[in-house]
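Heads up: the structure comes next, in structure tokens.
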Amino acid sequence: MTQPIKLLVGLANPGPEYAKTRHNAGAWVVEELARVHNVTLKNEPKFFGLTGRIMVNGQDLRLLIPTTFMNLSGKAIAALAKFYQIKPEEIMVAHDELDLPPGVAKFKKGGGHGGHNGLRDTISKLGNNKDFYRLRIGIGHPGHKDKVAGFVLGKAPAKEQELLDAAADEAVRSLDILIKDGLSKAQNRLHTFKAE
């Protein structure tokens, strides 16, 4: 059996002006999971974020959306993980992924940061440990690296947003499978999904 996941983090920038930007795609998953489980995320200053707690398949799962800026996300994750004695390999971080198209989401265990500042800070604050799970929500790529900053901080057009929402919803459903049956079964489900 794979290591149980005890903390799901949705990476985001704080404030209403960023709420619907592509860079906040990870947070949408946590918000949707909280909604499905009828839990209100509460601001918790000592964890530098919005937190909640749900039960998935009989397992306790803490939710966190850091309210730091993206490049300081690790501070919130490390604070909560330390307090509840959650190991890096019991953490899943949901984030926007330039290398996947909108409508696609994938689970992954371990790996580098791929230039994502939220992941970079998380790895650093977890003592350079890269063993946490990732939930990659595809947002597509603007085509040129110079356009990336504007792209991730921009809002998706309506049709594209539908694809992003559908992938986030499917990721939430697949998370149940991951917690119950492990990573490979969850990957089989999520990785065959593509919103059209």
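Numbers run from 1 along the shown chain.
A Cβ is built for glycine as well, from the same backbone N, Cα and C atoms used for every other residue.
The site 'Discriminates between blocked and unblocked aminoacyl-tRNA' annotation in Swiss-Prot covers N13 and is backed by sequence analysis. Marked as tRNA binding site by Swiss-Prot: Y18, F69, N71, N117. What Swiss-Prot records for H23 is active site, proton acceptor, and it gives sequence analysis as the kind of evidence. What Swiss-Prot records for D96 is site 'Stabilizes the basic form of H active site to accept a proton'.
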Other than Y18, F69, N71, N117, the chain contributes near tRNA (Cβ within 8 Å of their centroid) the residues N13, H23, T68, M70, L72, S73, G118
Secondary structure at D96 (site 'Stabilizes the basic form of H active site to accept a proton') (DSSP, helix/strand/coil)? strand
Looking at the recorded positions F69, N71, D96, N117, which has the shortest Cα distance to H23 (active site, proton acceptor)? D96
Which value in Å gives the longest Cα to Cα span across the tRNA site residues Y18, F69, N71, N117 as recorded? 16
Candidate binding-site residues Y18, F69, N117, pick with smallest Cα gap to D96 (site 'Stabilizes the basic form of H active site to accept a proton'): N117
Across every protein chain in view, the count of C-beta atoms other than its own within 10 A of the C-beta of D96 (site 'Stabilizes the basic form of H active site to accept a proton') is 26
Calculate the distance in Å between the alpha carbons (Cα) of N71 (tRNA binding site) and N13 (site 'Discriminates between blocked and unblocked aminoacyl-tRNA'), and round it to a whole number. 9
Nearest-integer angstrom distance between the alpha carbons (Cα) of N13 (site 'Discriminates between blocked and unblocked aminoacyl-tRNA') and N117 (tRNA binding site): 11
Note: among recorded positions N13, N71, N117, least Cβ-dense neighbourhood at 10 Å is N71
Cβ neighbour count within 10 Å of H23 (active site, proton acceptor): 22
